[in-house]
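A short worksheet on the structure shown next.
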Amino acid sequence: MSQTSHFAPGFDTFDGAQMQGTPSCTTPGSMIPGHSAAHTSPQVAEEKLAPGNTVGQQQTGGMNPLVASRPGEPIWVETTTSDGKVYFYHSTTRESVWERPSHGVILKQNELEHFVKSGGTTYSEAAGHQPQTAPNSVAGQKGGIPSAICNLPPPMMIPPASWGAFPPMAPSNLPMVNQVPTWLEYFTAEGRPYYFNPLSGETSWTRPSEAKNGLPGPDAATGANASGIAISQSDGATKGNAETKIVGQEDSKTTTAAATSLDAAKPVVQGTQKHDQARPISSNPVAGTSWCVVWTGDRKVFFYNPTTRTSVWERPPELYGRPDVDLLVSKPPEPRKNAGGTSVNSTTTAYLPPFQQSTAPKEEPVKKKRKKAEHPPSEAAAPPPKVETAEPIKPRDGAFEAEIKAAHERAQIPLEVRTGQFKQMLQEKDVSAFSTWEKELHKIVFDPRYLLLTSKERKTVFDEYVKERADVERNERKKKLKEARDSFQQLLEEAEITYKTAYDDFASKYAKDSRFKAIEKSRDRETLFDDYIRALRIKEREEKQALQAKLKNDFIELLKEQPNVKKRSRWSEVKKTISQDARYRQVESSSMREDWFREYCKSLPSDNSDDEEEEARKERLKAKERKIREEVAQKAREKEVRFEEPNFGISFRDNASSGLLQVAAELESQMKERSKEIEKHVMQESEENFKALLADLIKATDQSWRDCKKRLRKDSRWETADMLDRHQKEKLFDEHVRQLEMKQKEAFLQLLEETADINFSTTWKEAKKLIKNDIRYARFSSRDRRCEREFKDFIQNKLSQAKENFLQLLKESKIMTPKSKQLILEDEQHLKDVLSVLEEGTEQATGKQHILSNIQSCQVIAEAVRTTLGPRGMDKMIIDKSGKSTISNDGATILKLLNVAFPAASILVQLAKSQDAEIGDGTTSVVLLASELLANAKTFIEDGVHPQCIISAYSKAVSLAVDVVNDISVKLEANGGPAMEALIRCAETTLSSKLVATQKKFFAKLVVEAVSHLGDRLPLNMIGIKKVSGGSVEDSELVLGVAFQKTFSYAGFEMQPKVYKNPKIALLNIELEIKAERDNAELTLTNVDEYQKVVDAEWTILYDKLQAVHDSGAKIVLSRLPIGDVATQWFADRDMFCAGRVEESDLKRMLEACGGTILTSVSGITPESLGSCEQFQEKQIGSERYNFFTGCTKAKACTFVLRGGAEQFIDETERSLHDAIMIVRRALKNDFIVAGKIGVSYASDYVTCLPSIGGGATEMEISKRLREHALTITGKEQLLMCAFAKAFEAIPRQLCFNAGLDATNLMNKLRAMHHEGATLAGINLQFEDVRDNLDAFVWEPAVAKTNAIRAATEAACVILSIDESVKSPSGGAPNMG
């Protein structure tokens, strides 16, 4: 059953949950956005008739005497929210408002409750005193509370107790034929029959006992109402194809009552049909999300999220770009068909009475006919009684009836008893102690005990119950948790685990134990386990300490029992006397015994007799050693006697004995040395092991040997250092600590060095804030005083070093002279000049060496692009810091991407950029030519020739070179076929040296067509280039108009038209969407209405803008700023196209091509401010969609759409087309052409055109004529003129090198041909020979050649004129005043 909850104006509820942001509606509970009326769908109506459900009959409403005197006026009820705000709600429509209504009857909530408590006259009581001679009279209904109030409860009150029951019908004048219950038979969509009793509201799958005698006759369906059955419009509804039978009734001879009831129900059904159009009729879930697409009966669609109980009209962001959602939104559900094939509205059919749904008459059985014929009725001739149709009486208000009844009960039962029963109800309904009243209302609102208290008392008792229940549940939860922890602790004790047991092993073994599962979270289990292990370790440690203390006490008692143990006793002597005692053996560690012994000796009092005993002990040791040596010597002599021969003489035996003694002595000395070496190696190994142990365990420097020794002994490597005594180990420890201190100090000083904010004036407090988060500061020392001391030493050392370096700088600087101090005192500017020279990073170079250095740097730049010259030149891959790679053989592109730091070399970079911007091609040639001019001048600079002499000679030579170019140039015709062919040849010449050389014919035609389409001014900005990944390079196309990629669009763009003829275009710089609040924006509002006014104002402004654009007559709207989803849908509904976030360059091209004005306001849009074109079309290119504007009226424009597989290839194609466009554009402006650097042969010996690669004709002719001119002059100028001429030969020579040809042979042939008068002879790289490049159609504009010669010469002269450079990082110009 649906539920309702209290709602305030401006808020609706959805299934009892409050939801903000939706306009106020009449009734809560709606799933449709913007509506809150809870409709009953046909499925719900059918569920009410499902077997097992009992539908109670609806009670009649009551009549309110307070409003009986003002019939027909709306009734408003005044009440308050939980926070005390007053609002009003309509008793019928449930509409809620904050402001007091200006018309209608206004009742207060307490007045309504007072009326209910006092027991007003109900409608049923009033109707009982009226005569029923006029069934159609509605006088009994006037002046009372409208009947609609019974369907919905007032705020904070119980809803009607009889929702879904049958509405009362008008009283019938027909006598009741039979008083037994009548059953109706229905069939589900699957054909399964079930039975419904409209009198009792019961349904059943099994056939009732009253109907087991047989099925009714053919007129049973029409006589259903003749029995006095009142059939509800709502609960008697079934599906449109359901078949209905009336079971258990006798035959009836009249159908007048049924027809009357049907006529009375028609107006209500028609109103219901109109109202049900807004109900949901279809819901489709979206895969992968929690959203559903819902269609209503009036063919509207919205989106519903059952998880969050949210419904919206607009598509959520999670469903953007989903083709399946687009299909569900664009295709409404098909209407269901009835048996006749016509469309049937399920909503309307479901609410018709059962006898109206099945109207086909059934034939009466033969047996029953025969029985009627044998026994005719006595009153057969009597006509049936006339039945008058009566209007249905409106139902009584169930809420008032229930409230009146509850008021009587409250008056009889004490408050304490009612409060107890109400709390008992809360407990039985499992009301959560941590929930709210609104969320738990649906559990208790239908319980009879709910009305035992008033609305305020209910809320108060509910709050008290929640607090009490929260304490109880909290205590129960704590108790349960404690029991679970105790049981888990018991499990740990029974498991007999040790401190070495891992949690994973324990969990895998006892995971199925109930005590293990009692702790729900694994993290809590692991925490309890760790606490238990920690307790075990502490317990074991305490036991070990107690045992060790006992062992120590026993050992000390053993030492006290020894009378010879003195303060200076030696452990090696004492342990021999006590080694057999049990108290000695129970101490396993020998080092611990020795430590305890020394500790005991230190506690003994000092004795003067210790020195005498020590001396005596030493004497005894010496005597013992002497005795041992004598015994060894005696045994050696006895051994020698045993080996003597009997016939040897005495003298021989004496000699042999002395020899053996000598050998024994030598062996003894060797063994001693060997033992020493072994002992030394063992000692070294022990030291290494101990050092490794220290390196692993000792990381801090603020620990003492005494503290660390205990930790070191626990490691197994301690035993490997037994050869070291205590003093040696302590010495190694101290050395290790000193090394750690040095390393940490170096790291600390490095930290200070790396911190840029630390300078000579920085204090320790300031520096500490800068370095406190660095680990090197924390590791250095925990004592702040030590860190401060090291910091001060560091600053002092840095300051001393800086002073020494500054003094050395002053000594090396040439600007400092004995008069510098006097000059500084006289003029402050001199000090600034000195400081600028002495500033860090300042470099100064002068003289010839500086000129040679500049020339060398330029040659390095030229070497970077030298191999890219010509059609067989290599490509370069430049990778930037971010890892992005660029592949190109264009000189300007390569030099732009290089990071050139040398100032002179950057001049060549600027030279290449200017050539690319002015001409488009020849960037590599101009850099090589300038480099060769400088290289040829280098020899003269080294020989002492002044740079100005070289500059003067180069200036004269460049004029002669330009004259040569103009002399050998060929003038083209202004128009006609040959001129277009010549332009194509020029474009092919440029593209032959590019990455797209194999497609040069394809692109050359497109380039010439594009440039020719521009008009007389040849505006370069009217040519656009767009790149689309995918496809082949030959899939590229030229659009004679403006084209750009479709920008981001919101939902609704798919409904916009894709083609227009002669459209008007509005170019905007306006944001057509609701602006989001900026950060930290604050808006203070006093009530909800003010916020609603702000929102409404924003929407009004937006819609005014959209309407102004629409009224201007524009069909296409392009904006530099975003166009939101609302505007997109609004334009789509009016057959308009829009695109937001258009790039500024594309918008300016549209302005130039289509005319109009870029509007910054929609007020006063005139036809002159709109652009136009012949056709607009949106097309798919690859994976992208593009907008095409062709037939532009104001200016000629075109757009290249480039295709290709790799992004780098498309980028290089764009750069190649740019060079070709510039060349063709220059050729149209300058009619002269020259033989270019690349040859294409069209020889008649070949059927097809074969590419022939060669060039250098113009350069060789310039070189030849300059050499001839040099012979006519004398002096140094002659040599410099020859050097200038030699530089031009570098171009054809480099072409040969890049193609892998014999440069020497081909250059000699070129010189010979030019000497013979072949002025246009160049290299044919295809056939490794020379030929006339003019006949081979290798052409390029003469202006490109002359511009390159002039630019290269000017750059060389500038570099030669620089003899000193001063590099200053500040970059400030000196003060001239």
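Here the Cβ of each residue, glycine as well, is placed from N, Cα and C on the backbone.
Looking up the ranges 1-44, 89-132, 573-616, 617-660 in TrEMBL, the one annotated as region 'Disordered' turns out to be 1-44.
Your range for coiled coil, going by TrEMBL and the list 467-498, 819-850, is 467-498. Checking TrEMBL for region 'Disordered' across the ranges 206-225, 666-685, 866-885 points to 206-225. Remote same-chain partners of the coiled coil (467-498), defined as residues 6 or more beyond its termini with a Cβ less than 8 Å from a stretch Cβ, comprise 426-427, 431, 433-434, 506, 509-510, 513, 515-516, 518-519, 525, 528-529, 532-533, 536. Across the domain 'WW' (183-210), the model assigns an average pLDDT of 74.
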